[in-house]
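Each remark here refers to the structure printed beneath this line.
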Amino acid sequence: MPKEATKSTRRKAADKEKGGRASKAKKDKNAPKRALSAYMFFSQDWRERVKAENPDAGFGEIGKLLGTKWKELNEEEKKPYVQQAEKDRERADKEKKDYDKKKTADSGSADGEDDDE
């Protein structure tokens, strides 16, 4: 019995007819890193402990355990991670602003147009 066409299989077939998907824009290697969330700081801090407590757990299962632990924390226990995230957000904002300034300065001088015309 033939399989019924789903949205994803129809989309794949349509993409093949069109010549494939549009390519993704290349990421600038000099772009600043995004800020980490409070949960990500918590995860970095606790991952090894959770791994040691659950040596047979896979990557996904460790992630689920970390998520459960994060949800169990009260606001006071989350506070250091939230503070780290705020500092990292400030760093990321500053780096992004500097990066954007540099990027506009580089593109402004590279177009070769004169302003006095």
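For all residues, glycine too, the Cβ spot is worked out from N, Cα and C.
Taken from TrEMBL, the feature region 'Disordered' covers 1-35 (among others).
As annotated by TrEMBL, compositional bias 'Basic and acidic residues' applies to 1-20 (among others).
Annotation source TrEMBL lists domain 'HMG box' at 32-100. Confidence annotation: the domain 'HMG box' (32-100) carries a mean pLDDT of 96 in the model.
Marked as DNA-binding region by TrEMBL: 32-100.
Here the region 'Disordered' (73-117) has Cβ contacts under 8 Å with residues 30-42, 45 of the same chain, all six or more residues outside its ends. What TrEMBL records for 73-117 (among others) is region 'Disordered'.
What TrEMBL lists as compositional bias 'Basic and acidic residues' is 73-105 (among others).
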